[in-house]
Amino acid sequence: MASTQSEIEIVVDASPVAAQEHRRLFIIVAKRSISSVLTRFHAGYFRISLSLGGQTLLWKTLIDPSHGSNPPWRLLQTLPPLCFILLWSLALFTNVLLSLLYISRCFFRFRMVEAEFLHHVGVNYFFAPWISWFLLLQSAPFVAPNTVSYLVLWWVFAVPVVTLDVKIYGQWFTKGKQFLTLVANPTSQLSVIGNLVGSRAAAQMGWKESAVCLFSLGMVHYLVLFVTLYQRLPGGDRLPATLRPVFSLFVAAPSMASLAWESIAGRFDTASKMLLFLSLFLFASLLCRPTLFKKSMRRFSIAWWAYSFPVTILALAATDYAEEVKTGIARGLMLLLTALSVLIFMSLTLLTAFNSRMLLPDDDPIVCLSVH
Amino acid sequence: MEHNEILSSTKQDSPEVIPSLIKFIASNEVAGFDSMEDICSLNNQYQMNGFQPVSLSSEETEAAAILSQNHVSRPIKSHLASAISISMPSSPLEVHLQNTKRVLFSDHGETMFSNGILDSSAACKTASTELPRQAKFHSQPMPTGSTYPEAIVGDKFPNQSESQARNPRIERLKDKRFDSFKTWSGKLERQLSNLRGKPQESELENNTTQNSEMEILPVDRYFDALEGPELDTLKASEELVLPEDKKWPFLLRYPISSFGICLGMSSQAIMWKTLATSPSMNFLHVSSNVNFSLWCISAALIAIVSFIYLLKVIFYFEAVRREYYHPIRVNFFFAPWIAFLFLALGVPPSVAEHLPPALWYILMTPVFCFELKIYGQWMSGGQRRLSKVANPSNHLSIVGNFVGALLGASMGLKEGPIFFFAIGLAHYIVLFVTLYQRLPTNATLPKELHPVFFLFVAAPSVASMAWTKIQGSFDYGSRIAYFIALFLYFSLAVRVNFFRGFRFSLAWWAYTFPMTGAAIATIRYSNEVTNIVTRSLSVTLSAIAILTVTALLITTILHAFVLQDLFPNDIAIAISERRRKTSKKWYHLRTGSSDTKEIENFLKFGSSDNKDIEASLKPPSCKPEEV
């Protein structure tokens, strides 16, 4: 009798109350994780969608049948178009996901969004979603440039870009505290790139005037920004060391300008060549200064994705250049840059997959600085 | 014998001059202090060794020769009698308050007999006009005899195995004080002299060379220590690591800005070629022989100057390195390549009709590499940011691009010229805006007008010519660039009155090629738009260029042969790594050393990153707020 009394009875209470509690617990945990995700998410994560968009655009240009004169690409054209559609769908999915995340952040963490907007680095990444959408639009396999849907979508994406332009560029030369010498940093070139991408999309539609308008907007501010960034006035060096990869945006802006001018002028003429060469020189210059990036390469962060987009755009511009000039050097350059861009993209994808834990760190510079 | 007279005269003067504040102890009054017996014995000793003083100028060699001939008593005695021993640290204020006579006096004593002491006083010549450097701390005067044996043990002089009959010039080469500037601290020279079969020098020197590890000087040191439009004048509070009163070895005095002569002459050759071949200038009937002779002269000049500088690179690499880190001289490293490009551009048709394109690639590769380095520094280097170091000489780094584009386009190349034109244009815009702004953080911009400002004219004029060759005709782009160049030329020409009062230097030759370039651009423009205005403008500008070059040639010859100071001591490369310790001590007495250190460090590293790529000094761990 004593043995039976000392038995411990475990009763699993399968009553609905307990199940509800479990569900509540689960919801709480889910909410917490989503909440933490929303807290730590910021517009810089759109670098991923930027890179994806750039890659799809590059591949679209490469497998374009009009490039049939280049022998290596005939190989690529044998690939089923399914691969490209898959890539594009992936880009679309990522973009949608990130956009939804950011919209929910706007709803639930509006204060943080506002703080991000006031931060001198964070504000430029507000252009990033629109640039990614523009890239997706241009590389869409089923939306041709002369359709109405293209036009409508162009307007949907262009209006925010112009609004942001007016706000940010106007701040540069009018507002008390946020003037250019203080806030200029390499990410400011994203605003320029936004204008240039919109210009290229417009030119492809046939809307030359809007294209030239956006192009001139972008270029004039690029001129000012280029000089300011090169001068590196004291007091303007507030870029944290972990964000050093954004220096590669120096490469992206002239290449994008080169592409945009090519769409406007119709062919890859001298101005486009000059912009491409400038971009190549800046690329070589950055390659020769690896110590610049040493500190930021110690730990994986979302900033590493900043490497992919500029190299992809450079490869795109080099492709168009090789198409125009058709010399051996140009072709070699195109091959090299394309290979490099694909390599960087793949490595970054793998690194992100393996380091997914570190994707939303506690001490991200933009989040920390914007909170304080 | 003037030295003895001066010594005796100042000996008489000294009692009145010297104030009571400083206690002067004649050395022969103190027992055991440089007594005569010791001197004599030491002198005899060095007599036996047949040792000769090294790297003395002619007067000093004379004086030393007198000494070595055992006429020891009189000069030494007067020297000893007049030798002073200052028993307190010298301070800038006090030296200033004292008159120059004291400096003169101690100078002669020290310079004549204490070659081994690095911190000998300033040159006497300049003492009367200014006190560029303070009198150093003299613990005791060192008569000749005692110096050399000590110095051998110390670390200064070559050993005693040198034979008596020694060329003073080679003595100068063997002067260990310049070793820190030689390649691998003089080891290369020893290797070479070994190869030549000269006797092996003792191991003593190898152990006792002074700190030949020269660190990279951060750019702030150059700004702190130097002043002047070409950053080549030493500030009053600075000292050099090389003796200031000696004439340094020729190679050490040979700056990179000597390539300016090549630039000036070869651009003249191009101008005469253009004058001879332009259809709009046919009325002048210029023969192509002028171009031919000028071209040959330029080629010879370039060969000579390059050869000498190559010798400097081989034997005095440290000096070349310091020139490279000088914020203004670094731009002159483009000058050789630009000179070569000019040579290729001005080649007479009789010598070569068409140049091979491979030559262009060969010439542009060093330009490209230098550019990557320098523009990269502007963009992301630690201390050498453009807002700080921008100066008109930076135009030399930009012009190289345009000249290369011009040459490439003349050769018929297509993409390469556009490449360099694009890079040059982009960076020219940056530099132009920066220089026009005259930012307050800019430490190198000359306050007064200096011929270096003429470099402003160079870039647009060469750019316009390059664009013409690329496009095939003098179109609107070229015209815009040309008119900008013309405007800058005129705005400088009407201010020619303000270009006065500067010391001539060989770098001035580099400032003549913009005028020549403007003349050539005008000639090309007159080819396009031929009327009386453009023709007369061409003639005027060419005449001005020729006149300037002639005047400069005369001045150069004057300085070279009459005044003999064409190559003065190149002070800019010999600045020390830190300020004089005595002045720091003085600050310590006034303000407290820790504060000064803080302020200094703050000013140096205030706005730069912790890990400064370009500087060798580590910033302090406490990171101050942004400037």
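Cβ atoms are placed via backbone N, Cα and C, with glycine included.
Segment annotation: TrEMBL labels region 'Disordered' over residues B:136-169 (candidates B:68-101, B:136-169, B:170-203). Sequence-distant neighbours of the transmembrane segment (B:396-413) (same chain, 6+ residues past either end, Cβ-Cβ under 8 Å): 331-332, 334-335, 337-338, 341-342, 344-345, 354-355, 357, 360, 363-364, 367, 370-371, 374-375, 420-421, 423-424, 427-428, 431, 455, 458-459, 462-463, 465-466, 469-470, 510.
Packing against the transmembrane segment (B:419-437) from elsewhere in the chain are residues 364, 367, 371, 375, 378, 386-387, 390-392, 394-395, 397-402, 404-405, 408, 445, 456, 459, 463, 466-467, 470: each is 6 or more residues past its ends and has a CB under 8 Å from a CB in it. Counted over residue pairs separated by six or more positions, the transmembrane segment (B:506-525) shares at least 3 Cβ pairs under 8 angstroms with the transmembrane segment (B:251-272), which defines the two as touching. Within the same chain, the transmembrane segment (B:537-563) stays apart from the transmembrane segment (B:358-375): fewer than three Cβ pairs sit under 8 Å, each pair at least 6 residues apart.
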